[in-house]
Structures are given as structure tokens and as C-alpha cells.
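One structure is given below, encoded as C-alpha cells.
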Amino acid sequence: MALSANSAAAVMTGGVVSQQPRRGPPAFVPMKRRTTVCAVHAAEPSKNPGVPSAAKTSSPTVAAPEKAPAPPAAPAPKPAAPAKWAVDSWRTKKALQLPEYPNPAELESVLKTIEAFPPIVFAGEARHLEERLADAAMGRAFLLQGGDCAESFKEFNGNNIRDTFRVLLQMSAVLTFGGQMPVIKVGRMAGQFAKPRSDPFEVRDGVKLPSYRGDNINGDAFDEKSRIPDPQRMIRAYAQSAATLNLLRAFATGGYAAMQRVTQWNLDFTEHSEQGDRYRELAHRVDEALGFMSAAGLTVDHPLMTSTDFWTSHECLLLPYEQALTRQDSTTGLFYDCSAHMLWVGERTRQLDGAHVEFLRGVANPLGIKVSDKMNPSELVKLIEILNPSNKPGRITIITRMGAENMRVKLPHLIRAVRRAGQIVTWITDPMHGNTIKAPCGLKTRPFDSILVLEDETSCHSRIFVHTKHLY
């Protein structure tokens, strides 16, 4: 997925995302605090233990004659308990989008090797992210997620990692200033290799070969050897993911993410961009705010000004790899998929009785659900129940990818269904997927007017009294 700094065209005003006319540039202006609308408020109080029901008014009553006690009612039948989960219980379910490896013995050997590798992330980091996402669900933070559609072995280098990280930092600085609230930064990187395919085969000039499924599965060159699934690619994907996250940690805590540096990047952007005049005033206002903070004692060497939190995420698609990196946390006894801090289930693998949902319901990582216009409201509610039966804030993020045309028609029904069920979720919009067109040169692209669906989604949430503060 391509990530553009222009995607962040929204205004945050004290907890409410306000719409802006499309004819003008996006402006981020701090305004007076308003009462925020949060996911808990949006849920039905009677069905949400986090929201107290309205107190009943008392009135004088007249004592009634005593009646014989009614016979005890028969106990209501208990709902059936979910089947016992195990790290490999997904293998008993139907698994879509998985490759067929020609050598099962080699596959098993590779998976055992990965099982012995250290985890890429650890459980405490995933728990911390879940706590931050709970803040986002309650309207106390903004979630920004971005990165490449799919990582590749050929384009792996430090400059590409740095540039993606830098863009996310620049966007978060603008969103923090405009929204006057913290921004949770989640990269779609350090593990986003596998790609779901609508067709298992690709045909060119009469030649039929297996589809390219991502660099951790097979190669993109259109020849028979490249398209054969190779389990050794999982080991290379692990190594690249670990190296990427290592560099991201260094950037996040080693001074590269210093607020003054990020602000200077934004100022440089205004000087060397055709759109510079539109953003120069905003960049200077951020710079002035930093000057005030420095004068007040929050100097450039303060940890809050020199480091930042950063998390990773990817689609949970290649289940054998994900299982091999799942570990049981020694402090809680819970299982975590240690390939990333956050995982999501895709549009093509979210079947209620499917292998991917079965795997994800048992890991304690924060989870995302990709939702298109094909999602049935009752199915979404059921899927959330399976993945988050305790209705824990921060556990579930709904990532809508409907396109501009379907947003106003389909999204309100989903919001109402989740609200009626009393489910606490974080809503996030993905304006890049669902708005794809093919340019005359053959490349896939997105019209900028179409990816401004954030305005339409905000309008939907506002009409139904649900809090939204998140951009993908």
C-alpha cells in the first residue's frame, strides 16, 4: 500500500474530527476542547458493562399486600463454550490463500528452525499497544497506520525503511498539533510480505503459472521456477523482519525521531514543494509551539522530545509461519504471535469457521479486521464476538476499505450493528484500498479526490454518534 502524507487531510478539534471543504488545503488548527464521543458512549448502555445505565427516578410508593413467593424460574441455558484453542488448532479448519509446498519434509524442517529462533517482538510490547489502542477507542488518541502494500527482498535497504518511518513521523507531528492529542504510530512493515490473491493462477501469452503470493512464499518473476513456493523464503523473511525492526527501534529511540528534527523536515518540505505555500503557515506554527515548550523547560534533550513509540503490523496470512513464531508469555500464560505487535485478518480470509479466524482468536495480540462493502453487519458482530468475547477495549480495530462510492451507503449499517451489540472497537479508514484504478501506463493508482473518504467516514460516524479518529 502506498502511503502519502497528503492522506492526513483531517482536522481534529478536541476529540471530534471536523469536515473541511475539499476546495481548500487541509488545515490543522487547535481549538477549544469539546466533550468527546467515544466508543463506550456509542455502545448501547444496557449491553455494555462499561457504561452505567441511567439512574431510575424514585417516587413515593404504596405498600402492597404480600404475595406468596413465585416458584424459582428454570435457569437459562448457558451458551456453548468455544472449542478449546491450541496453537495448531487452525489446521482442523478450512484454510484459504495458503500455498501448496511441493516438499512437505523441507517445509517441516524450516518451521522447526523458525520455532527455535528468538521472537521478533515480545508480549509486553503488544500489551502496551493494546493499552494505547484502548485510548484510541475511547477518543483519547489518534491511530496512524501506514507502509508498503507488500515488502520485498529486492527493495530491502536502510534508506527505504528510514523514508517510510520519516513520512509517518511527519504525518504524526501534523496530526498531533492539529488534533491536540497523542498519535499512535503503527507501521505496515517488518513482516508485511504475503499477498492474498483473487486467482491462484496467472496467465500471460497463453502460459499459466501459479500467482505471485509475496516474497516470503515465491518469486515475482514470471517463470516456473520462481513461482514454485519455497519454504526457505520464510527464513529470509524472518531475517529481514528482524533487521527492519532493529533499525526502527534505533530510529525511534536514538534521536532520529526528535520533534525538532521532524519539524525541520516539514519546514524543508514547504520550501521544496509545489504545495509549500499551503503548508508553510502550519509548519511555522508547529515550530513556534516547540519554541514555547523549550522556553517553558521542555528542552530538546528531554526524552519526550527525542524518542517515540513505534509498533509493527501485518496481515496474518501465512499461518505456518505465524504459528512458528507464536510463544506463550511466561508472565500471563497467554499466547502471542511474536512476528508483529498487531495482526489483521483480511477480506479473503475472515470466514467465521475458517483457519485464520481460528488462529487469531487464540493469540493475545491486538487484532484488525479488514471490512469491505461485502461485509454483512450481523457477520461483523459475530466475528468480533469470536475474536473478542470479553469485549476488551483495544483488542479489535475495524479497518474499513470500501471506496468512496460505497462508504456512505454501507458503513452506517455496520456502525449501527456494532453499536447495538455494545461492542467496543476502534474504527480506522483505509482510503488506499477500494479506490484503485489503472493508469494509462498500466500502473495501479488512486485518484486523490477518491481517497479523501475520511470526510465521508467521519460524517457517517458523526450521524450515528460514534467516535472516529484514525487513518490508515
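From the backbone N, Cα and C atoms, a Cβ is placed for every residue, glycine too.
TrEMBL annotates Arg188, Glu347, Arg348, Lys370 as phosphoenolpyruvate-binding residues; of Arg162, Arg401, Arg408, the candidate listed for that same site is Arg401. In TrEMBL, the feature region 'Disordered' is placed on 42-83, out of the ranges 42-83, 252-293.
Comparing Arg401 (phosphoenolpyruvate binding site) with Cys149 (Mn(2+) binding site), their Cα atoms are 14 Å apart once rounded.
On its own chain, Glu347 (phosphoenolpyruvate binding site) has Pro196, Lys370, Val371, Ser372, Lys374, Arg401 as residues at least 6 apart in sequence with a Cβ closer than 8 Å to its own Cβ. Across the annotated binding residues for phosphoenolpyruvate (Arg188, Glu347, Arg348, Lys370, Arg401), the two most widely spaced Cα atoms sit 18 Å apart. Geometry remark: Arg348 (phosphoenolpyruvate binding site) versus Cys149 (Mn(2+) binding site), CA distance 16 Å. With a 10 A radius on its CB, Cys149 (Mn(2+) binding site) counts 14 other CB atoms from all the protein chains. Here Arg188 (phosphoenolpyruvate binding site) is positioned 8 angstrom away from Cys149 (Mn(2+) binding site), judged by their C-alpha atoms.
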